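Lifted from TrEMBL, the feature list:
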- 146-567: domain 'SAM-dependent methyltransferase TRM5/TYW2-type' (DOMAIN)
- His235, Asp273, Leu274, Asp301, Gly302, Asn450: S-adenosyl-L-methionine binding site (BINDING)
- 317-361: region 'Disordered' (REGION)
- 327-344: compositional bias 'Basic and acidic residues' (COMPBIAS)
- 350-361: compositional bias 'Polar residues' (COMPBIAS)
Amino acid sequence: MSATSYSASHIPHGALKEYMKPPQLIGMQTLDRKAFDVSVPILSAAVEASKIGKLRPHPALKNCTLDLPKIKMIVDSPEGDKGIKYFRLHVSEENQLPEETRGVIAAETKGLRRETVHLGYDNWNTSEILAAVLPTTESDDIPSSFTSTGHIAHMNLREEWLPYRHLIGEVILDKNPGLRTVVNKLDTIHAQYRYFDMEVIAGDKDYITTLNESSCSFTFDFSRVYWNSRLHHEHERLISLFPPNSLVADVMAGVGPFAVPAAKRGSYVLGNDLNPESVKWMRENRVKNHVENNLRVFEQDGAAFIQSAALEAWRNPFKASAGPSKTEQRKQAKEARRERERRAKAAGTMSENPQAEGSTTAASKLLQTTVDAISNVTASLSLAASNLAGSATMSTSSATESGTSANIDSTTSQPSAIAVAAASASASSSAFAPSPVPDPPRIIQHFIMNLPDSALTFLGAYRGCFTLLLTDDDFVNQYGADIATSTSDGSAVTEPGRKNRLEMPLVHVYCFTREVEREKAEPDILARATQYLEYTLTPQSEGYNLHLVRSVAPNKDMYCLTFRLPKQVAFAPLPSSNC
């Protein structure tokens, strides 16, 4: 007997089409939730509970099951029949069902029952509710999207939606239980501190918010500082460029989205902002995240900070800290161990002699044992260093450094028995010895300028920003009084005989461009940067990188331009009044 063939082409959802969307209440400005209540007549098949598993996937029923938002398809019998379930169908009359579906229902169920289901405001999502009440526009762009900043939803409503802003805010609040406040950004921008004015359109008038980002906790007054949650990935990208023990100057630091995580990961950071409110909360976040030793906070104009930061970092160096937290240290040790495992595995497969495969595998395992032992020692020393931070400077070399340089024969990639014994002895003798904490650098390695609307205009402040270092005897003794003076052809000169090389910092400056094609955006950004820096920047400039951060609006993109600060700029002569 051949299998019965069932048609899946008939989709009876048209029978309840009028109930697939909420009632149309165009023009509503005061939210009336009960206006969305509606009763829907449907048919349900009474089915023995034991047969539900068989009928649910049945091809004759697949396209006929109830499909209304947040309404269960299978429920207990409303009449209290023991062992009976109601299998709800997406029709209100039996003749709306395909013939094969009626046949299955007649053969496998106890017949059809009439039922009424109730839909209301809670059954519809944000976009569906707003589409039902707001007038249509040319773009049909329903304003249901927002940016979440802690408990605050931040919206940018177009003028046409402003009469409905309070209703929109209430719907956003209703449909997102984690929110307590909905604000709409106004057109006015604080001229000096660059934050937006805003209006509460629903919920509590509470602008003090707390959120987590980059494994840090941030608290701030959203109405008086600048914060953009959409830059989370960019914060992570840039911070990842700073290895522990880096020295970073954040020129427009805000409340610390770059500065605090960088400090927590072991960098030393000079964080500056002109806005007193931002400075207040950056100090608060420094304490909350336990990075007081690694983050100094300044309240200066960006140009003045650029001019003074290099001398500040040199003459007032940071005190050495233990670096990243214990959790971060474990994470870094784990990643390092995985990399060594990968290399050890690769070394174990390099033998070209099949007969030597067994010995190579054994050597690989022995090598793995060795690197694991060394890795454990490294982790132990890192944790010990954390616990002993602040003690006198220590000169004892770490066990890892003392025992690994000659442990592995470079020809065979196999560790010797002496190497294994040395690693074991080093581990046992140094398990409780503190690892030396490296001295913090005194030369800034990175400048961050995250004020995309105007950061390029501050590039002129880098002219001569290192020049005052030449008045410091200690700096002159290390790098030479004549370092980076300009010759007639514009090239940099270092005093003969000096062994120390001064590596200039990378500058990471954020900016906007109206050019949406990279081929046009790049020359536009470079031309403006060259103009303000008074030094020609090209894609061939040292340290050059141009990273597209995000599209902010139609015909407006945000980029991060990175370049190494030229010595000719940093050591340019200062006016006599500044010397």
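Note: Cβ is positioned from N, Cα and C throughout, glycine not excepted.
No curator has checked TrEMBL annotations; they are predicted automatically.
Given the structure is predicted, the values throughout are model-derived calculations rather than measurements.
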| When the number of other CB atoms within 10 A of each residue's CB is tallied over all shown chains, which of the binding-site residues Asp273, Gly302, Asn450 has the maximum? | Asp273
| task | Could you measure the widest C-alpha to C-alpha distance across His235, Asp273, Leu274, Asp301, Gly302, Asn450, the residues recorded as binding S-adenosyl-L-methionine, and give it to a whole number of angstrom? | result | 22
| Which residues in the same chain, at least 6 apart in sequence, have a Cβ under 8 Å from the Cβ of His235 (S-adenosyl-L-methionine binding site)? | Glu213, Ser214, Pro257, Phe258, Pro261
| Using a 10 Å radius around each Cβ and counting other Cβ atoms from all shown chains, which of the binding-site residues Leu274, Asp301 yields the largest count? | Leu274
